[in-house]
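Per TrEMBL, the features are as follows:
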TRANSMEM  72-94  transmembrane segment
TRANSMEM  106-128  transmembrane segment
TRANSMEM  200-218  transmembrane segment
TRANSMEM  225-248  transmembrane segment
TRANSMEM  260-279  transmembrane segment
TRANSMEM  300-324  transmembrane segment
TRANSMEM  344-367  transmembrane segment
TRANSMEM  421-444  transmembrane segment
TRANSMEM  456-475  transmembrane segment
TRANSMEM  481-503  transmembrane segment
DOMAIN    511-560  domain 'Cationic amino acid transporter C-terminal'
TRANSMEM  515-535  transmembrane segment
TRANSMEM  541-562  transmembrane segment
């Protein structure tokens, strides 16, 4: 037995053959690959129409990791993971930046708007995570409800969100360390002659990422313990910031309350949405949760409700301490306390912010590694990244991939370049999740009549199109109102149509989103609206990244997943034949 374990461990580290990375039929020879490319359109249509099953994601795909992840987490762990994943990045990094540039004191309203939208997405994630407790999170859920291609586009955006988000926090970690050491801005970065926005190299950010990833690779349970301690310290600092901020409040700083207009409030809301983005990492831990049906709703909904209130109070305390024009975009809270004569508090805040951002990186490394693992299980990327280490029970290869990628980005790119790109990606994924939930509730394969399928498709397009029209009108005519008289009723009628014209095909067994279809439809509308509040540069970058993803899909992902799907079909058919012939051979 011992020899077997040693062999397993050795084989985990020494897998470098072509079969470990490209085992699919299409990549076995150049001639096979040419044949696969010649069938690209046929294969694309096959993948576009294919759907996975709950049982497949929970059972068959997990076997491709060879070793099980350890079920060691409770609702208590998930709640603290929620705090660790979310608090630190957005509130300490983006609040000052957006209050100074877009929202002014109305930054608190930006947090309310993005918080409401985030909670709608949390509802959707919670239902899926309870019903399908696997490491893949939104990737697995979309494979089941919207198919392989939609799941791939989302997977690409999840990867982009993971890499860019982690890099942004690592860069901010360096900024707060600079403040803690009382050194000039960017003094800990290497100055070069590269293009502006990419000219300040950050080796410290790379070092912090490496340490966080190493801890996450060693043990999920130990990472949870460390996260408890760091998050508890961070909570004390947050309470101090809120109380001390209100003690030193000057109401005159709240005037003018909306200096950049309502448009600025929503522009800021779209950016600070990043502050809520970490919660989707909690859904990826469902595979390691002892009792998903109880622990996930308590952990996810509980932590996010408290976090939304904390964000609003912290944003308000900052706005009351310092005039929005004087807020430092890079280290807002530290500089604000210095401005009211509490220079010593600057160090406490910087230390708390560093603690907060450290837990974000820690939980991020944990969650993102699990996303990558499940994406690799489906062969969207080489299956080598799906392997789980037999001793640690963690996906070491997948964690290494995300760390190397995010470290490379963090080394070069500044925070403002990263944040807007991230928000488009995050909002897109959350919108897709709301669409998937409506499909899950109102469509069942082999049961829903064709006429009902068509109605659902038309009504979903109506909801999405009216949401896009509302967002576009807001961008073109921020002070207008006539357009909303048309777009909002269309959205309402589309949602009402689903409610009245279509019977619900599936009800959740344990926990479900309330007020379906209204809350998922509202989630679609708010996510699309917030996307429309972002600048054109964010969409240009998003478009370029999506194009790169599509090129990768056409030349690799499509053929790998097609081969695996049809290999599974052959195995299933053979199994059925064996089951049919075995009894007849008995007599």
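Yeah, the Cβs are placed from backbone N, Cα and C, and that goes for glycine too.
Looking just at the domain 'Cationic amino acid transporter C-terminal' (511-560), the mean pLDDT is 88. The transmembrane segment (421-444) makes contact with the transmembrane segment (456-475), as judged by at least three Cβ pairs under 8 Å among residues 6 or more apart in sequence. Segment contact is absent for the transmembrane segment (106-128) and the transmembrane segment (481-503), given fewer than three CB pairs below 8 angstroms at sequence separation of 6 or more. Among 200-218, 260-279, 300-324, 456-475, 200-218 has the largest number of CB pairs under 8 A with the transmembrane segment (344-367). Taking DSSP states H, G and I as helix and E and B as strand, the domain 'Cationic amino acid transporter C-terminal' (511-560) has 40 helix, 0 strand, 10 coil. Scored by C-beta pairs under 8 angstroms, the transmembrane segment (481-503) has its highest count with 456-475, from the stretches 72-94, 200-218, 260-279, 456-475. Through the fold, the transmembrane segment (260-279) approaches residues 82, 85-86, 89-91, 94-95, 97-99, 101-104, 106-107, 109-111, 113-115, 117-118, 121-122, 125, 161, 165, 168, 300, 303-304, 307-308, 311, 360, 363-364, 367, 419-420, 422-423, 426-427, 474, 478, 529-531, 533-535 of its own chain, all at least 6 residues removed from its boundaries and within a Cβ separation under 8 Å.
300-324 is the stretch from 200-218, 300-324, 456-475 with the greatest number of Cβ pairs below 8 Å to the transmembrane segment (72-94).
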